[in-house]
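Copied from TrEMBL, the annotated features are:
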{"type": "ACT_SITE", "residues": "A:Lys213", "note": "active site, N6-AMP-lysine intermediate"}
{"type": "BINDING", "residues": "A:Glu211, A:Arg218, A:Arg233, A:Glu262, A:Phe302, A:Arg374, A:Lys380", "note": "ATP binding site"}
{"type": "DOMAIN", "residues": "A:290-414", "note": "domain 'ATP-dependent DNA ligase family profile'"}
Amino acid sequence: MLLYDVVDASARVGATRSRTTKTQVIAELLRTAPADEVELVTAYLSGVLPQRRTGVGWRGLAQLPDPAPAAALTVTAVDAVMRRLTETAGVGSTATRAALVRELFESATEPEQGFLRGLMTGEIRQGALDGVMLAAIAEAAEVPQASVRRAVMLAGFAGPVAAAALTGGQAALDQITLEVGRPLRPMLAGSAADVSAAVDTLPADVPFAVECKLDGIRVQAHKRGDQVRLFSRSLDDVTERLPEIVDAVAALPAESVVLDGEVIALRADGSPHPFQVTGARTASSKDPAELRRTTPVTPWFFDLLHVDGRDLIDAPAHERIAALVGLVPESMVVPRLETQDPAQAQEFFDHWVSEGHEGVVVKDLSVPYAAGRRGAGWVKVKPRHTLDLAVLAIEWGSGRRKGLLSNIHLGARDPETGGFVMLGKTFKGMTDEMLAWQTTRFTELATDLGDWVVTVRPEQVVEIAFDGVQRSSRYPGGMALRFARVLRYRDDKRAEEADTIDQVRALRDWT
DNA sequence: TTCCGACAGTGGGGTCGCAAT
DNA sequence: ATTGCGACCCCACTATCGGAA
């Protein structure tokens, strides 16, 4: 199949906002794709490059050669280039990859170049990623959406599922089950402002549990015999980086196991390190034996999806947890409280937050493991901080925010100098109305109307919510806000009344 | 007819390793 | 030795569509 056919479909998908129309366009393309190219077409149209790292990003694609006059590239040919890029990533020279990129883009027409660039930088914005793709696979293969969804959750990716569905139909989808050693999509949590709001999102009178939420790295652990594999939230294999977790899982008294949990670095006294410490440890590929000595990590499991030939994903949570507790030593199970009393749940939250943990997850004990879905019975609650900060500058938006001032630079007041210290940026929490308002407002306050950044007189105060204050090498105060988002603009406060850098220092996550 | 769940989009800070400067 | 880039950890929030109620 020609890449052109995929690009054309992508353009038509992007041209409509109707999801049913998007679905039809994609389904039609999948039906016409040759069997051996369905997997690639599915991946490309959902913005996924099966080769995850190519070593080429936005910079490597900033300057493209003249496009080809006519479409001749096939998706198989594109795949061949991507494979070669992956092979050279990290070992070959930049020049080798640049040559491969040049060769590929020379044989692509202009719209194909645009699509390929989006694919390689993860910016396919056509209003259809995985969700619409699932519906399209179901329609093209004439199977129920629920079957496709389940297969994708268990297989991890849509491409292989599309290939199976279109060649083997329902029977082929039924063959896709939980496989020990192959990662499935992790179940995700919704969020709520506080414990009582979290409980309120669950059906009335269901039994629920509250679990301590650890600020570390999500890990899915698979064990079969003496073989252990560990996967990240995005299904990357992280086994080699976490030998102490491998040892812990290998020692479990079961032949085959699939566990879900969090890995975190702890201090000698058992209190958690800030996320940055755990993140640095797990991101590093230096000698694992050395890292294990200097920054050991500990597993805390909260779910059991398979044990000794028995799949538990469809069992209610209380059953999975009972099996987990029966298998895994208590020291490796997330602290949890089963209760029907919101006051006790609140107390549990207060306790673990005071111990330095991130918050809690409230879980409906009656629900199965809804792989890959958010908010189906898991609700997280974290403490929230707020500050009134001054807007120092603002960046032009892109995509649907093109032409609007979008991303605001935030500063705390420094009483020593009378100036402001930048603590980060945010584009979150803004309604369309706020975007329109702030575009006008900051144009008025502008001292420098740049193409990228507009600098303003620091006169506008904004109320910001955030999760914490972390160490920063980027900002002058050495601190940055984690997950900052806008609550509201404060026209009742002048910049001279904004919160100070000392108030921010008091909230640091390190000492 | 209204409500609400799921999805896509718009980006945030930090860390690492590697290649180029 | 430093800097820029790519990849991948953590992630919040709003707008919208379309099926459920």
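Cβ coordinates are placed from backbone N, Cα and C, and glycine is handled just like the others.
Here the features listed in TrEMBL are painted onto the structure.
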{"residue": "A:Glu211", "record": "ATP binding site", "Cβ neighbours (10 Å)": "23"}
{"residue": "A:Lys213", "record": "active site, N6-AMP-lysine intermediate", "Cβ neighbours (10 Å)": "22"}
{"residue": "A:Arg218", "record": "ATP binding site", "Cβ neighbours (10 Å)": "15"}
{"residue": "A:Arg233", "record": "ATP binding site", "Cβ neighbours (10 Å)": "13"}
{"residue": "A:Glu262", "record": "ATP binding site", "Cβ neighbours (10 Å)": "21"}
{"residue": "A:Phe302", "record": "ATP binding site", "Cβ neighbours (10 Å)": "25"}
{"residue": "A:Lys380", "record": "ATP binding site", "Cβ neighbours (10 Å)": "19"}
Counts by DSSP class (helix H/G/I, strand E/B, coil) across the domain 'ATP-dependent DNA ligase family profile' (A:290-414): 35 helix, 56 strand, 34 coil
The residue listed as 'active site, N6-AMP-lysine intermediate' versus A:Glu262 (ATP binding site) - Cα distance in angstrom: 9
Alpha-carbon spacing, A:Lys213 (active site, N6-AMP-lysine intermediate) to A:Lys380 (ATP binding site), which is rounded to whole Å: 8
